[in-house]
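K.L.:
Starting off with a structure, shown below.
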Amino acid sequence: QEIMKWNGWGYVDSKFQFNKKGQAEFTGKRYRLSGMVMPALKEWFESTFGASLQHKTPASAIPNSSAVQPPILNEAFVEDLKSTGIPFSQDAEDRVFRAHGHCLHEIFALREGKVGRVPDMVVWPSNHNDVVKIVELACKHNVCLIPYGGGTSVSSALECPPEETRTIVSVDTSQMNRILWIDEKNLTAHVEAGIVGQELERLLNESGYCTGHEPDSMEFSSLGGWVATRASGMKKNIYGNIEDLVVHIRMVTPQGVIEKSCQGPRMSTGPDIHHFILGSEGTLGVVTEVTMKIRPMPEYQKYGSVVFPNFEQGVACLRELTLITNVFAGHALKPQKFYITKFKGFDPNRLCVATLLFEGDRERVLQHEKQVYDIAAKFGGLAAGEDNGQRGYMLTFVIAYLRDLGMDYYVIGESFETSVPWDRVLDICRNVKERIIRECKERGVQFPPLSTCRVTQTYDAGACVYFYFAFNYRGLSDPVHVYEQVEHAARDEILANGGSLSHHHGVGKLRKEWMRETVSRVGMGMLKSVKDYVDPGNIFGNRNLL
């Protein structure tokens, strides 16, 4: 809380800003980009959005306690909680910090100093047994619990329902951050669910292991959050998605603890109860401990990149590859751009880049690298160097900081994702981008929006596609409402083109209106029946999914 922004992405000391010379720079010392000056960003920013450095929209200071509604307290619950010795707080700043994720409307409101319904208390369990006590007391006193991990949600999952009249308690799992054991024979680790991704990898690396799970948010998102949202990472083609990595889960619910009786790698015992927990988004209970697969750290790691003449040929190449591939715009290609455009004839407005990362033993990595570049060449791809690959991979961790820069200058934007069969990838990319541009124009957005996409994860039967869009909102009386209308239309377009409701961001409250058509009426009935049995009193009343 001391080192993280309360109204923006990431670390307080890390941000994009324009210096006195009008040049963009990235502050802090935490990233490869930190301390670098980017002279071309100003021109791109102004020409793309029609923005001006003269028109600034600074964020408000953190609201004082008088701006936050006083807590609604169940005094009997508070007294019983005191007797457990579990730390808790009713401080306004603690409550506001845990009242939101990172949806555009959440951050925009905070920057304007607007605070709605927030948790009435924050409680910090330090282990599984503490969570059992908290849930038992919540059931006894009819208190609403909202689990909190890393706070990186982009689905409105952490927003407090404004109609909730009970005491709302944010169950912050950040103190449950230990690796309880490592089993080197079975290559598994048993870990408390509050640990954040970068800390999990650091601790495992000290013992010579890794999980390989690297979502874009891994610096800040928690293991419990990954389970609760069915997360996916950039290295999933080697290590798997979270559902592939999980061996065992403990979750505390109002009806008791859910867990399997053994740590076997697979069981044929009816429907897998893990799949009721994975993706449950805090509606059934609190994930407290997880056993995960681990692997020895790779002995050799090498970045790479390929530039393609156009997006279509890049996607066709990805169809043949089964490794991590991220497609970006061509702006990261400074050293080779002259050669590519002048001598190879690539159109700088159409070229695209695949970012590559190879891991494993050295001989296999070099063999794999050659295979990839040989395949890329069949689709017109040119090797663009290791530095560009590393830069592209690094950009996935800092790209979220760009939205905060835009919001300083009347530009709002967001990303959203889907999964889609291979034969629909190009259609969905074209149609959704065109729909965004059309919807912005119809809703009075004065400047052409940025509407772009990238393919981030690949499967035998399809791919994950990320969309990014942003626009200059000067002249709009309610820019967030306009943005939400456009995003809603884009989501309709995704579904109409055969895409999924979400690949890994989850549903939350933001996308739950589409759940019935996504999983069917009967499917919704099944989910509701599980909720009604596991949590009959709606103790976990965050209103996500259902």
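Glycine residues also receive a Cβ, built from the backbone N, Cα and C atoms like all the rest.
Any TrEMBL annotation is an automated prediction that lacks curation.
Annotated domain 'FAD-binding PCMH-type' per TrEMBL: 115-297, in sequence order. TrEMBL lists 147-153, 229-232, 281-287 with the feature FAD binding site. According to TrEMBL, the substrate binding site annotation covers Arg403. Per TrEMBL, the feature active site, proton donor/acceptor maps to Tyr466.
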K.L.:
If you count CB neighbours within 10 Å, which one among the binding-site residues Gly150, Gly282 has the smallest count?
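P.N.:
Each of the binding-site residues Gly150, Gly282 was scored by Cβ atoms within 10 Å; lowest is Gly150.
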K.L.:
Cα-Cα separation of Gly282 (FAD binding site) and the residue listed as 'active site, proton donor/acceptor', in Å?
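P.N.:
About 25 Å separates the two Cα atoms.
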K.L.:
In the structure shown, with every protein chain counted, which of the binding-site residues Pro147, Gly285 has the densest set of Cβ atoms within 10 angstroms of its Cβ?
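P.N.:
When each Cβ's neighbours within 10 Å are tallied, Pro147 leads.
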K.L.:
Mean pLDDT, the domain 'FAD-binding PCMH-type' (115-297)?
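P.N.:
Summing pLDDT over the domain 'FAD-binding PCMH-type' (115-297) and dividing by its length gives 97.
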K.L.:
Can you give me the Cα-Cα distance between Tyr466 (active site, proton donor/acceptor) and Ala231 (FAD binding site) in Å, rounded to a whole number?
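P.N.:
Cα-Cα, rounded: 14 Å.
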K.L.:
List the Cα distance (Å, whole number) between Ser153 (FAD binding site) and Arg403 (substrate binding site).
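P.N.:
Given the Cα positions, Ser153 (FAD binding site) is 15 Å from Arg403 (substrate binding site).
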K.L.:
Cα of Gly150 (FAD binding site) to Cα of Arg403 (substrate binding site): how many Å, rounded?
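P.N.:
It is 19 Å, counting Cα to Cα.
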K.L.:
Restricting to the same chain and to sequence separations of six or more, state which residues have a Cβ under 8 Å from that of Ala231 (FAD binding site).
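P.N.:
Looking at Cβ-Cβ distances below 8 Å from Ala231 (FAD binding site), excluding near sequence neighbours, one finds His213, Pro215, Ser221, Gly225, Asn241, Ile242, His504.
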K.L.:
Name the residues of the same chain, 6+ apart in sequence, whose Cβ is under 8 Å from the Cβ of the residue listed as 'substrate binding site'?
P.N.:
Trp9, Leu104, Ile107, Ile412, Gly413, Glu414, Ala470
